[in-house]
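According to TrEMBL, the protein has these features:
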- 1-12: compositional bias 'Basic and acidic residues' (COMPBIAS)
- 91-535: domain 'Major facilitator superfamily (MFS) profile' (DOMAIN)
- 1-38: region 'Disordered' (REGION)
- 88-106: transmembrane segment (TRANSMEM)
- 156-175: transmembrane segment (TRANSMEM)
- 181-205: transmembrane segment (TRANSMEM)
- 217-236: transmembrane segment (TRANSMEM)
- 248-268: transmembrane segment (TRANSMEM)
- 289-309: transmembrane segment (TRANSMEM)
- 315-337: transmembrane segment (TRANSMEM)
- 358-381: transmembrane segment (TRANSMEM)
- 393-414: transmembrane segment (TRANSMEM)
- 423-443: transmembrane segment (TRANSMEM)
- 449-476: transmembrane segment (TRANSMEM)
- 488-507: transmembrane segment (TRANSMEM)
Amino acid sequence: MSIDRRSNHLDASEVTPLLGQPDNYDVETASSHKDEDEHLPILSSASSVSGGLEFTPTLERRASNAAEHDLKADDYAARFNDVTPTQFWIIFSGILVGYMIGFFDSTLMASSHPVITSYFNAANSASWLSTAFLLTSTAFMPLFGRVSDAFGRKPVYLFSIAMFFFTTAGCGLARNIGDFIAARALCGLGAGGVFSIGQIISSDLVRLEYRGIYQSYINLCLGAGGSIGLAFGGYLCDHIGWRGAFFIQLPFIFIYFIAAAWTVPVGLGRKTVGAEHMKISQLIRSIDILGSFILITSVTLLILGLNLGGNVLPWGHPLILVSLSLSFVLAVIFVRYEPHVQRPVMPIELLTTNPRASIIFGSFFAAVSINTVVFNAPLYFQAVKLTSPTTSGLRLVASSIAITCSSVATGFLINSTRRLQPFVLIGVCSMVVGGFAAASMGIDTSHPIAMMCISFSSLGQGFAFPSLMVSILATSKQEDQAVATTTLGLWRSLGSVMGVAVSSWIFQNALIYHLNKNVTGVERDHIIALVRKSVHSISQLDPVHRLEGIHPLIRRCSANDIPLGGILGNHCLDMHVSNPFAAFEKKGIEDLLGYMYISPAF
């Protein structure tokens, strides 16, 4: 269509091609109206209309509206890679359901493990319920990325969902604590695959500049699933039993499996890395099996030592010392071995080259920070405020709401501003403020104020984590995004373990110091032993011992460890994450920079 901007002249002979000519279109008929159409410029002239209003002929207006509608539809469809918007939402809805179920299951254990261990008369094995799950879900995470590159996303994804289904059923059918722990370990394997492959599929299907929006939807489901597990886990155990709490998940996981089998594209993943024409033997050889074994063993020993040390066994126990020592030795071997592998399970340059190294280690320290708060918050409510475990869990719902709201908002803000650094810095600063706010809580702090103080750290997590995830994707090639995603997830999980281990170590040492300093009287040794054995025994103490021994302990412990993680995270992030797209500039990829606004301060 040709329009003279000076006179708003419309050539009728050029309007119809924009609309498309029907089969029975008569060219002569159209030409016969040429004389009549010549009067249109008079009507369309702005000067000929009172008030200078522009008159657009009906034919042109319809054509303009149709073109604008098609342009908007094309813009929306351009967000996705190799799928239509309808196909994407069907696939993505299944991924969201998987995240919600997975986080419901993980937070369900927080409120149900006392009931389960009491049923089996194995309260001393409570820590293994979470440790077994964490071991497998974390250690195998990098392997999922490389295996899905070789065999495609779909078979690995379906395997993970099936594993999650059968092991959840196994948890409900467990006959003893050993069966239950084994089922939880295998359940962690399935859940780790569900989380990591779900994230990878989302990254495959959505163009980078729009991933912030869809990451916010994932975070929304994570928060919703976690909140439901925290709020209703105890309720389910009370009304349908702890076995029923696992069985009730099975229909949803089964529907989730059917939806994934029906919707996820078959060749997804293999096409990305050019493996669609490789034979099975070639695919197996392309996997870094030895490197995966070394990494999994090293991470397993590290998590084992950190979880059991100071909790189940003293730090000087031979098992703890051997686990941590072997983990370090294997880590050194892994670092020396991986550079010589063609397709390493964890490329060492991810950990040595900025900005990706700073993004990964920044996520690690941020996870350390947030988990010191999360780990100590229930202890504060139960030991200082003397609430029940169920009530203390409900006090954490505000934190779940905070992280959900901030993470959802961050996704949309990233998409609208095309910037990442401000949200990372806001998140880190919020974590530091949250650490000091939590450390300032006392025995007279009201419950609403305490909930608000703890929520600051969760608010910061919601800003920082989505921004860091998009950053690691923005600084990685398409064929490396799967392993980059799982590597970030691995270090984030290790940060979670380290946060719990460090805060537990500080707590145990501070506990001994403060109890010996503040508890007096003839029953001093008995009271100290009682408090170290059980948090619930604190409510049985007289007010003097409770005030002098426990309250100063919680305050001192929080003041020492909670801000530390946030400060370290802030220092790490401030070094090199300021321009997460610098790698693209070096590679000369200009199309991404056309979408992502990079200011000089970035």
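Cβ coordinates come from backbone N, Cα and C, glycine included.
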PLDDT averaged over the residues of the domain 'Major facilitator superfamily (MFS) profile' (91-535): 80
Any contact, the transmembrane segment (358-381) to the transmembrane segment (88-106), with at least 3 Cβ pairs under 8 A: no
Tertiary contacts of the transmembrane segment (181-205), as residues 6+ beyond its ends and Cβ separation under 8 Å: 80-83, 88, 91-92, 95, 98-99, 102, 105-106, 109, 125, 128-129, 132-138, 140-141, 144-145, 148, 153, 156-157, 159-165, 167-168, 170-171, 174, 211, 214-215, 218, 264, 268-269, 272, 469, 473, 481-482, 485-486, 489
Long-range environment of the transmembrane segment (393-414) - Cβ separation under 8 angstroms, sequence gap at least 6: 110-111, 212-217, 219-220, 222-224, 226-227, 230-231, 233-234, 374, 377-378, 381, 387, 420, 423, 427, 447, 450-452, 454-463, 465-467, 470
